[in-house]
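Structure first, then comments.
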Amino acid sequence: MEPSLVVVGLNFKTSPVAVRERFWMSELRRYEALHQLVRAEGIDELVVLATCNRTEFILWTSDAGEAADSVLRFLTHEYGLKMSDWSHFYRLMDDVALNHIFRVASSLDSMVIGEPEIVGQFKNAWSQAQAAGTTGRFLDAVMQKALTVSKRVRNETAIGNAAVSIPYTTVELSKQVLGELFDKAVVLMGAGKMSESAAKYLMNHGASQICVINRTLHKAQEFSEKVGGIAVALEDRAPYLDHADIIVSSTSCPHYVIEKADAERIQAARGGKPIVMVDIAVPRDIDPAVREVPGVHLFDMDDLEKVAKRNESERQVAAVAAEEILADEAKGFRRKLMAERVVPTIVALRNRLDEVCRQELESLRQELGPFTEDQDQAMTALTAHITQRIAGSLARELKELPERSEQDMLTMAVQRLFHLEQPQKAAAGTN
């Protein structure tokens, strides 16, 4: 079988947060997935991209069907994938997979079109795969090109300027419940980049009392210095939650950090005044049951998606221009990728022709006697020139075919006519 680019995954378009959080992967779990799956049948190169809005396996594979099955078997064994989950997953191949990867890196496939966070997440996923030794020359080329496309999209369109970010939607939802945010007390649970962005947005809209809660107090202190707030360890959070008007939670805890009983205690301490809780973590930090507590207004990633879809006209104009750039870049890269795919066959053909020429030269020497040095050099140069003419002509023909199906047919014909072994693993390529 010929090597293929494959993406297997799910995202916010195909699944609610309750499903996505089951397949979310921490950095450690991503390393484990990389090391396990790269040894699986059919998978030659692998990148795992896991964010709050998507979990995707980007594969360069010598057997697309077997590779996709290997991913599903892994998810079944490690994450309890059930038959009822299958409808949330997609499998994309070749041109469709390439377009998808470019759209993801350019934030055209994001919940918030134009949001900048995906670029860093994309780079981190690639760096992690490189560190794990699971990428080679093909996926490295794909990932590098995707980031180049992303940069061009941001430089040549207004896609970033038009983004309605998750921190922005946090402010909008808070204002809907609480009105103006002047003097509102804010608790940020988690000290990541998303929490920092949310803090800046909230402060720009009047919030002045910021409390940063984190499992690692040192990180909370570093964060609080940036925003002029106070730092609190996670285990000491209770009294600070009791006085919060807005709670934004984005930790990486594997369990709920605010449960229904916590919300009931908070509301008792607040006298039932309205409180906004924004859960931007996947897996979720806040038990959905807190919605049953009077006065609690809980918003999770599904709610933020609904807000992000409003007033999309400006972003859609920028997205149209971005899609044109993407199509142009994908076309050029696709040609390059198709040319790369036939290299192993051309190399095998050259080796085969060289072997035939050596055999024929040896037969000629035995028949005519030893050549002089000049004759030997001339005959060797002649056979090398013949090899170059034949292999070069076929290489140009194979590389310039517009459709993969035609390329596959001619490649197989060359392999059969010249008795070449199908170089499956060589075609996948590794560093």
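Each residue, glycine too, has its Cβ placed from N, Cα and C.
Going by Swiss-Prot, these are the annotated features:
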- T51, C52, N53, R54, S110, E115, P116, E117, Q121: substrate binding site (BINDING)
- C52: active site, nucleophile (ACT_SITE)
- H100: site 'Important for activity' (SITE)
- G190, A191, G192, K193, M194, S195: NADP(+) binding site (BINDING)
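Locations of recorded Swiss-Prot features on the structure.
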residue: T51; record: substrate binding site; DSSP (3 states): coil
residue: S110; record: substrate binding site; DSSP (3 states): coil
residue: Q121; record: substrate binding site; DSSP (3 states): helix
residue: A191; record: NADP(+) binding site; DSSP (3 states): coil
Around the Cβ of Q121 (substrate binding site), the count of other Cβ atoms that are within 10 Å: 18
Non-site residues, in chain order, whose CB comes within 8 A of the mean position of the CB atoms of T51, C52, N53, R54, S110, E115, P116, E117, Q121 at substrate: S107, M111, I118
Sorted by sequence, non-G190, A191, G192, K193, M194, S195 residues with Cβ within 8 Å of centre, NADP(+): L188, E196, S197, A198, F223, S250
Shortest C-alpha distance to G190 (NADP(+) binding site) - which of the recorded positions H100, S110, P116, Q121: Q121
Close in space, distant in sequence - the residue listed as 'active site, nucleophile', Cβ under 8 Å, 6 or more apart: R20, W24, I280, A281, V282, M301
Greatest C-beta neighbour count within 10 angstroms, which of the binding-site residues A191, M194: A191
Integer Å distance between the CA atoms belonging to S195 (NADP(+) binding site) and S110 (substrate binding site): 19
Binding residues T51, C52, N53, R54, S110, E115, P116, E117, Q121 (substrate) - maximum C-alpha distance in whole Å: 15
